[in-house]
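Right, one structure below, let's go through it.
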Amino acid sequence: MDAAGASCSSVDAVARELLMATLEELSQEQLKRFRHKLRDAPLDGRSIPWGRLERSDAVDLVDKLIEFYEPVPAVEMTRQVLKRSDIRDVASRLKQQQLQKLGPTSVLLSVSAFKKKYREHVLRQHAKVKERNARSVKINKRFTKLLIAPGTGAVEDELLGPLGEPEPERARRSDTHTFNRLFRGNDEESSQPLTVVLQGPAGIGKTMAAKKILYDWAAGKLYHSQVDFAFFMPCGELLERPGKRSLADLVLDQCPDRAWPVKRILAQPNRLLFILDGADELPTLPSSEATPCKDPLEATSGLRVLSGLLSQELLPGARLLVTTRHAATGRLQGRLCSPQCAEIRGFSDKDKKKYFFKFFRDERKAERAYRFVKENETLFALCFVPFVCWIVCTVLQQQLELGRDLSRTSKTTTSVYLLFITSMLKSAGTNGPRVQGELRTLCRLAREGILDHHKAQFSEEDLEKLKLRGSQVQTIFLNKKEIPGVLKTEVTYQFIDQSFQEFLAALSYLLEAERTPGTPAGGVQKLLNSDAELRGHLALTTRFLFGLLNTEGLRDIGNHFGCVVPDHVKKDTLRWVQGQSHPKGPPVGAKKTAELEDIEDAEEEEEEEEDLNFGLELLYCLYETQEEDFVRQALSSLPEIVLERVRLTRMDLEVLNYCVQCCPDGQALRLVSCGLVAAKEKKKKKKSLVKRLKGSQSTKKQPPVSLLRPLCETMTTPKCHLSVLILSHCRLPDAVCRDLSEALKVAPALRELGLLQSRLTNTGLRLLCEGLAWPKCQVKTLRMQLPDLQEVINYLVIVLQQSPVLTTLDLSGCQLPGVIVEPLCAALKHPKCSLKTLSLTSVELSENSLRDLQAVKTSKPDLSIIYSK
């Protein structure tokens, strides 16, 4: 039997047979010499005690050798002891059989020797990666550094920090230093985590980063003194493999051959690293497999093995690096043991340029393509996602080679993907009804995979069934992959990227609707009305669906797929968005059973993250349409946009800004516990004293740009109808307050501002009140709940005395001691104070303060004071 194809148990059986045949060949005198020499033959510092060897016959010796060394290393140990015992003829015959039946690596003995051999094997296997077009490139040449930052849990932590403008831990570029930091604690006091979750959106480069970590480990750059063996586990592939396999089998799949001492490798879990790529594809364990696997030698389903690793019940103490999408992080939390999160944020602007120049071999073409994309601000922003960057480069390369105009660009991910399809088909010279039919079938395959627990691997039989095997679209849009199996190598196919599969899945819903005109878009409605867990899985598919409903997108679908999507699909989708303003729940008056309440409590934590992200995800869907009328109609039934506990990225703000531009009259925006502190990508180099002096003489220091500047600028435009802005439990740096102050001065539609439990400096308070007191400020209602109003009262007095339009001041829930009430009442009596309503709900006031307020009421009878404890 060939060593590479043998299972773990069959290799052990072959080793046992070799040992038995060899030792039975020895005479009693030779066996005696063998036992004495074996006593003095330690392996990794251990040897079999003499008391267990002294009276052992050949059969006993075989059992003890296997028990102590494992089967395959026991064969090599036996051969070496035979040589030292001067039984060279038997040793020579054993070596021949050993190499023939167990493979060349069976002559290795110590773990350190296997470790060195394994690193060399990993370097050979992973030196090159396949691009989406199946071209192999060196990983060091193609890998472009990404930004990696602490996980989103840090957003809430900002509220607990000291007042001021501390810069959060900045995003770091993914070099070896950053990768080495992943398994360190967040601070000096915390212990080193065993599980690190690397999260990010689709196409952001999680898999490439994970493979680069494996490659750098093998090159001796990462975890050198901590990890002896590192294994890459693609979750999607392991879930789809038929049959049962143990963790030991999965480890042997990655070794040069199956004769390796897997038990000894797994015997020290604290020296192992498992990279679980794509853990968002893991479903929950079915009732038939309720418990995770705990035995590395137990043959079971891939799901149980992976679940055992995630929960640290299988090989406790091993290090885990888990990659997943944002939407799945909440579902995984309950299955992970004390994880530490890190977030991949994609390319920095500097790294986008590096990627372009790595992609284009011609420097002039690279410069032209990069300059063109850089001038298109929206398209340039989209290129922070590596897969989108690759698509943009691929399309531009084709257009440059064909001498075409680069003017046709895209503003959304959907339009970029659609342009990619058309460009690839044109470059391949394929068109016509046959290819259109193949594309439809390919979309169906993509959709079936997405709905089947995000199935990403498709067999040759799957393609044959749909008549796609050997088709033109298979060659262009699917990558062929060979997976070594127990008996034979299995050939599978997968889409060039999972996000591209989700794009085609979204397209299939529209193509399905076209086939049944005049009937409700059942497939589309089923997608939109899926439950919370499925909605998280289908978030990107839903986003693409909205993008395809763009008028231009529908026209392209008609041109390239030969179909017309019914008008009612777009109208039904709009009605679905408008229906999101109505909370779903049990009928009024319905009573919940205790069992139902228990189930809801158990699911509450799991669904919390999906619910929190739904508001932002809905905005992304609207953004993808790039149709102002559609967005305005959609938001008309969503009077308040709520974003809660979101660390806003530049792309998030681009999306939010666009939706605010399109919002209808009376629109409100509420940001709750959102991260608004900009993190610098790179520390500035210190200038010399001479340069600093020259700079101070020639230039004036520019105020820092805040994350909210684009939104603040939008608020000042005549077409923006945002009426209410509530900032709750947010840290507001001075830069944000400065930009917001400028917006308050001239925003034509803003009528209400809320600052609820938000953290500001004195400078920030002064800036905001300056904007509120500006003659052209249109804010009529000001709601304030700040930790210490004593710091703001002097600025608030100025606003009350100078603002011509402020009519409502809500200080409900605030602490108002006499030192605050006294100047407040003086300002209310001021002749230029135009206030009509003062709300003091849930406020405790002293007797003196109540008398002061009564005096204000007497002098200004039109002022309504609402007070309750």
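Cβ from N, Cα, C; glycine included.
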Candidate ranges 161-192, 577-608; Swiss-Prot annotation region 'Disordered' resolves to 577-608
Give the range, chosen from 240-244, 350-354, 515-519, that Swiss-Prot lists as region 'Disordered'. 350-354
Average the pLDDT scores across the domain 'NACHT' (194-511) and report the rounded value. 85
Which residues, in sequence order, are found in the same chain with Cβ within 8 Å of the centroid defined by the Cβ atoms of G200, P201, A202, G203, I204, G205, K206, T207 at the ATP site, excluding those residues themselves? R325, I344, G346, V385, P386, F387, S499
How many other Cβ atoms sit within 10 Å of the Cβ of G205 (ATP binding site)? 24
Near the region 'Disordered' (350-354) in space but 6 or more residues beyond its ends, with Cβ under 8 Å, are 144-147, 173, 370, 380, 383-384, 389, 681
How do the residues of the region 'Disordered' (350-354) split into helix, strand and coil according to DSSP? 5 helix, 0 strand, 0 coil
CB contacts under 8 angstroms to G200 (ATP binding site), restricted to the same chain and 6+ apart in sequence, sorted by sequence, are K206, T323, R325, H326, E343, I344, R345, G346
Could you give me the DSSP helix, strand and coil counts for the repeat 'LRR 3' (837-860)? 13 helix, 5 strand, 6 coil
